[in-house]
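Undergrad: Next up is a structure, given as structure tokens.
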Amino acid sequence: MSQPARLVVLVSGSGTNLQALLDATADPAYGARIVAVGADREDIEGLARAERAGVPTFVRRVSDFETREGWDAALTTVVDRFEPDVVVSAGFMKLLSQEFLDRHLTLNTHPALCPAFPGMHGPRDALEHGVKVTGATLFVVDAGVDTGPIVAQVPVPVEEDDDVASLHERIKTAERAMLVDAVGRIAREGISVEGRRVRIGAVAR
Ligand code: GRF
């Protein structure tokens with residue numbers, strides 16, 4: 001792990017998780033800096049946040065490539081160039097190739113308590129199921145959808161008058177704090193992943 005740790009953050013949308021990391025990394029004591037922000041689409045607030053912070057950005061759109069494999073390779077190449085210690089997929093709406101994952105320790109946030117409610121609609125599915133507690137999960141990305149080894153989780157209560165939007169906003173507030181805390185500790189203390197067991201600290205990586 002470099003000191004400060006080098007982060008590449010991938011986004012597809014509003015980028016509030018990215019903003020939380022940008023704010024945290026402004027303090028040198030945090031132990032990490034964002035060396036680039038990448039996206040799979042143009043004209044999103046996530047890219048604007050990076051530009052306002054003076055962080056380099058790149059965009060690789062699937063539609064600009066003849067094959068998905070071509071896009072996978074292009075994304076891997078551009079991320080490689082920034083030599084990240086950790087890639088953070090923060091609301092990035094694409095699956096990453098196995099080659100990418102083999103090369104980069106990649107973390108993702110999911111707005112539910114894994115293994116419950118994987119996929120695109122975590123808050124909606126939790127609400128429809130009627131759970132009283134849901135939350136957010138930070139995990140190491142593997143070949144599945146929201147299945148990877150769990151790094152951190154935070155519980156969030158479901159209120160009786162919640163709709164999907166109000167629940168997702170409450171989850172996102174907790175999710176951002178969890179992400180900032182865990183990424184900072186990983187940057188400062190290292191991370192070990194053995195099978196499904198993740199430990200921050202103890203073993204530097
Ligand atoms: C987060 O809730 C994330 O878990 C989900 O999409 C949301 C992204 O929010 N995959 P933002 O773009 O960071 O504001």
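Note that Cβ sites are derived from N, Cα and C of the backbone, with glycine treated the same way.
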Undergrad: Name the one residue among R68, R81, R124 that TrEMBL lists for the same (6R)-10-formyltetrahydrofolate site as M93, K94, L95, L96, N108.
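TA: Site partner of M93, K94, L95, L96, N108 for (6R)-10-formyltetrahydrofolate, according to TrEMBL: R68.
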Undergrad: If you count CB neighbours within 10 Å, which one among the binding-site residues T16, N17, N108 has the smallest count?
TA: T16
Undergrad: Enumerate in sequence order the binding-site residues N17, M93, K94, L96 whose Cβ-atom distance to ligand 1 is under 6 angstroms.
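TA: Among N17, M93, K94, L96, near ligand 1: N17.
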Undergrad: For a quick check of understanding: among the recorded positions R68, K94, H110, which residue's Cβ has the most other Cβ atoms within 10 Å?
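TA: The residue with the densest Cβ neighbourhood is H110.
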